[in-house]
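Presented below is the structure to which this report refers.
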């Protein structure tokens, strides 16, 4: 009790260390996979990716297939569904009110968020590795083009970044909106909205080029990316990832946990 | 040790918690009593750093909760048993908490046994649990980090009478081994059997607090004599304030001994003499907390 502890105090004061960021990240990864929704989402992602590989390699029209040409479609299921897992990793805590446990056990909320981001990135890395392996395994069975194993290093980097951008988008949406349904719906509707509006309103053509993240992130899968392409990607990422992220962190810092 | 000093929470124009102060000492069970919406849960969430207070502060184990590096090792929380992910199994829920706390996963099995959740139930998803099972799971989670204090919000909700009895034993034992327990309830009966101290709250303000025995004794004495008129005169002569309690009995604002002596001095035959005990406390509690705005959140 008292600040100057008397010598006769027999009780040993043990200070238990805080969980490391590594431990928090492992826990967050586990939380993504150990619920019914999480397990299904992961299973569906794997099945879809496998189906894409099989269909693309065996379908008749796929001639002159190369590693990059097969990798790009294989990545799509993960690029579409892993962000949902990223959304749910953040919003699921609010909708099921497990924040009451999470932020009671780890009061430093920013650390929890950091762990969630790292867990989402780790999941993206795992998915990427799995897609690379699946592509490499399927390529020998395909009607391969000339020099199918030529894999430009920068293409590998860009496709990896493609996954990362999408997963971070999910986490950012989840953070900013803190509501599963809203964040998931918006994540899917926003690109559709852009393309519909972009078609209808000519004045939106140019802004969409710079702000529609589904288009600008798709540039990462193109064979060549110009400096202007990178600027377009950076601009849209700042609007749809960085801004919601900052907004979400501010909200989280103040929000009452009930 | 839990210390609460002048905690206040204002939501817009409404004062949910108003200058609440109390202390929970090691080795004691403190019952935090109040009707629904009195501010119990808000106070508990403020102690745990989940709700930022408008004013005042609280410490657990000598530090503000949010400054505890690994709070689950110092204080076990059960703030809402239904706040668990329904798609996760009971065992997995505990295993996650064990991993966060840094306690061996073998403790999960020990605690499932302690709270009497069989392995078959632990394998089920929490969504399929009854409220009573969720309370047991929540209690297991609270105890997982071998804490020295427990903060439990309405832990008896959803438990059957046997379960309530079992939990009383568990909390009493925890306190007797030097632990600090703060548990809330809207039912006096539920906590009076286990609490050493009571803190009563209504409309965000503390109405009464102290040792349970003192509070119970302070609730007055019920007395009935063969000759009610003579009893009335004897009590008045002794300077003991009293009110009619129906059935010819009187409710005296004094302990049983003082009332008995006053009656003996007048040579009266008594038919009934006893502390109002919990009954009196409950009435006091009801009268103090029943106000027109008592239904506010």
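Placement of Cβ uses the backbone N, Cα and C atoms for every residue, glycine included.
Remember, TrEMBL labels are computer predictions, not curated facts.
As annotated by TrEMBL, transmembrane segment applies to A:39-59 (among others). Outside the transmembrane segment (A:39-59) by six or more residues, the chain places 32-33, 65, 70, 73-78, 81-82, 84-85, 88, 127, 130-131, 134-135, 138-139, 141-142 with a CB less than 8 A from a CB of the stretch.
The transmembrane segment annotation in TrEMBL covers A:65-88 (among others). Beyond the transmembrane segment (A:65-88), the same-chain residues lying 6 or more positions past its ends with a Cβ under 8 Å from any Cβ of the stretch are 32, 37-38, 41-42, 44-45, 48-49, 52-53, 56-57, 116, 120, 123-124, 127-128, 131-132, 134-136, 138-139, 142-145, 147-152, 155, 159, 162-163, 166-171, 173-174, 180, 183-184, 187, 221, 223.
Summarising the annotation, TrEMBL assigns transmembrane segment to A:117-139 (among others).
TrEMBL lists A:159-177 (among others) with the feature transmembrane segment.
Counting only same-chain residues 6+ beyond the ends of the transmembrane segment (A:184-204), those with a CB under 8 A from a CB of the stretch are 83-84, 87-88, 169-170, 173, 177, 211-215, 240. Taken from TrEMBL, the feature transmembrane segment applies to A:184-204 (among others).
Per TrEMBL, transmembrane segment is recorded for A:230-250 (among others).
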